[in-house]
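Student: Can you keep this structure in mind? I'll have questions shortly.
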Amino acid sequence: MSTFARLFLCLVFFASLQPAMAQTEDGYDMWLRYQPIADQTLLKTYQKQIRHLHVAGDSPTINAAAAELQRGLSGLLNKPIVARDEKLKDYSLVIGTPDNSPLIASLNLGERLQALGAEGYLLEQTRINKRHVVIVAANSDVGVLYGSFHLLRLIQTQHALEKLSLSSAPRLQHRVVNHWDNLNRVVERGYAGLSLWDWGSLPNYLAPRYTDYARINASLGINGTVINNVNADPRVLSDQFLQKIAALADAFRPYGIKMYLSINFNSPRAFGDVDTADPLDPRVQQWWKTRAQKIYSYIPDFGGFLVKADSEGQPGPQGYGRDHAEGANMLAAALKPFGGVVFWRAFVYHPDIEDRFRGAYDEFMPLDGKFADNVILQIKNGPIDFQPREPFSALFAGMSRTNMMMEFQITQEYFGFATHLAYQGPLFEESLKTETHARGEGSTIGNILEGKVFKTRHTGMAGVINPGTDRNWTGHPFVQSSWYAFGRMAWDHQISAATAADEWLRMTFSNQPAFIEPVKQMMLVSREAGVNYRSPLGLTHLYSQGDHYGPAPWTDDLPRADWTAVYYHRASKTGIGFNRTKTGSNALAQYPEPIAKAWGDLNSVPEDLILWFHHLSWDHRMQSGRNLWQELVHKYYQGVEQVRAMQRTWDQQEAYVDAARFAQVKALLQVQEREAVRWRNSCVLYFQSVAGRPIPANYEQPEHDLEYYKMLARTTYVPEPWHPASSSRVLK
């Protein structure tokens, strides 16, 4: 390590101490919160086991790993730990690869490291030259970085280092976060401030927050970021913006994070260079090849494009009589000489189809096997749109000859924005562990994504995170936990929601068991609570249109039927639910036969999906013994009670949480309880008005009538223009 690098690391170390000394807890550090180990016995043990940091190599990534270890160990062990490459001392932490570290090379780890690939790593307590050491070894510098973060996580979560011996490698290749950031810094479906990217000061000024953003993602093994909205502005490909984006790419590169861009399919026309964007027109093909060359001249390791095409008004190849494969392959050809890929979103639904549920499958399945090998279909977990609970997208089980990756949503578009606590880990786990039967037993979504089922070339997972300039990045402190769970599951889809929650709580708040266990259980139930007070039993899309915040199950008068709530629930005097069996839209036929058979049968379909696939009588007998009307009411009331239980749990944690974050979560849970009651009352009263059935007397009765809640929907979030006749009643 050069003298300059050592000086740089020292400056990083001392600079990192200043914010901790000057600021109270505000959530900025996320899970990289390196506070001293509170258990004094354990602290002394760690202090004995790691006394020195030995670093070989001088790449930006090795320097980033060394800086993180200095920062983390000095904080956790409550004593300065400085990186050196001098003579090995007893009880050192040694990091490196066999190529850049003679000490690592001396351990002859060749076969063990070879099995871990380019990004995997090995952590082990061993001896070198009779000296006690802990090693972080990998085949590449980025593997060393990932291993360094893992070692810090072990100490943060108070795992023993005695006899440490573990290895880890990612199961998925592309582990990517998506931002829906516009160039004016407004974040679509973002609830935590403005966009992180300050275009006005780039490329000259790189805010320290950009490096912290890279650290946060690298700590999870995330290796790519798409920094702009899928509803893309063509100007993102201009020289003016490419200069700025290149500066961001430079900041992210030491942390193993590739830069990707969302592109507008009509960009050749928008730039005025050609009068068409037809993907089979040679002029258009050449335009994209030339533009790709320009991008790579700015960003040599550019990852590729994310494309939303022929969806919700965005242009695409269908506007020129071409299909998705022809559009994607044209872009893929432009990127292929540079090693770039195309993430092509499968989120499509046209207004002229009988059932929106069927849209993506019917459009993409005929194209299976026609996409280029550097095209990856980016498919949402369900067939509609990030609803609180959806069945899995049938595309995952069907597209056996096409690269596919998952798209999850971390930003809470349908879970109460930044005001509701709704840990998404259980949703991710539920999806990834779903058995599709695509190739018999073991064909889980996770295994399909990994390439184990269909042997695809590219694998991956994307998460729409949408952080912003709020000090804590995500608005609600617990939205951080969903970001964390996404990253951990993108690295290893077999990690459970409970494990991710446990780690996050320990790293973010406290290791005290009296805190961990109740709050972890609160987190694990929070997603189900959100389902229950919004859309239980397989109901879906009951939101106020546009903002997607509050309830509006009565919506029936929008330009497109599939934007209304009544389209989905189909409630009437006699029953409720969407018939997707053979006697209905037959969307169930898109699934493998074992799934179609089980979900088409009222005796075997899971009750939490039943109204997705069946239109049932209000008198249908449920597993609880209640009829469907009674069960629906019960679920709505159960959701509110679950939120109230979450409040009681959090109220008991004041001794374990700093005052600022405790007060913020407490206040937000009060908002959530109020909104859960509004959801419950709005939906129960509306469905009562349709079914003509009473709310059982043993339940808390709504304070207001249905018309009140209809009016309230217009003023709670993004109010409609002022109309005294329709708004005055709400304001009384």
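Every residue gets a Cβ built from N, Cα and C, even glycine.
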Student: Based on Swiss-Prot, name the residue from R175, R322, R345, R527 that is recorded for the same substrate site as E188, R189, K308, R356, K380, E407, H541, W563.
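Tutor: So the substrate site in Swiss-Prot includes E188, R189, K308, R356, K380, E407, H541, W563 plus, from the candidates R175, R322, R345, R527, R345.
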Student: CB neighbours of R356 (substrate binding site) within 10 A?
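Tutor: R356 (substrate binding site): 24 neighbouring Cβ atoms within 10 Å.
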Student: Relative to the Cβ of E413 (active site, proton acceptor), which residues of the same chain, six or more apart in sequence, are found under 8 Å away?
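Tutor: R189, F386, H548 - these are the non-local Cβ neighbours of E413 (active site, proton acceptor), listed in sequence order.
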Student: How many Å lie between the Cα of E407 (substrate binding site) and the Cα of D385 (active site, proton acceptor)?
Tutor: 10
Student: Could you tally the C-beta atoms, other than its own, that fall within 10 angstroms of the C-beta of E407 (substrate binding site)?
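Tutor: Cβ-Cβ neighbours of E407 (substrate binding site) within 10 Å number 24.
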Student: Consider the recorded positions E188, K308, R356, D385, W563 and say which one has the Cα lying nearest the Cα of N231 (beta-D-glucuronate binding site).
Tutor: K308
Student: Please work out which residue of K308, D385 has the most C-beta neighbours within 10 angstroms of its C-beta, and give that one of the recorded positions.
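Tutor: That would be K308, with the highest Cβ count within 10 Å.
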Student: Return the count of C-beta atoms lying within 10 angstroms of the C-beta of E188 (substrate binding site), excluding that atom itself.
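Tutor: Taking every protein chain into account, the count is 15.
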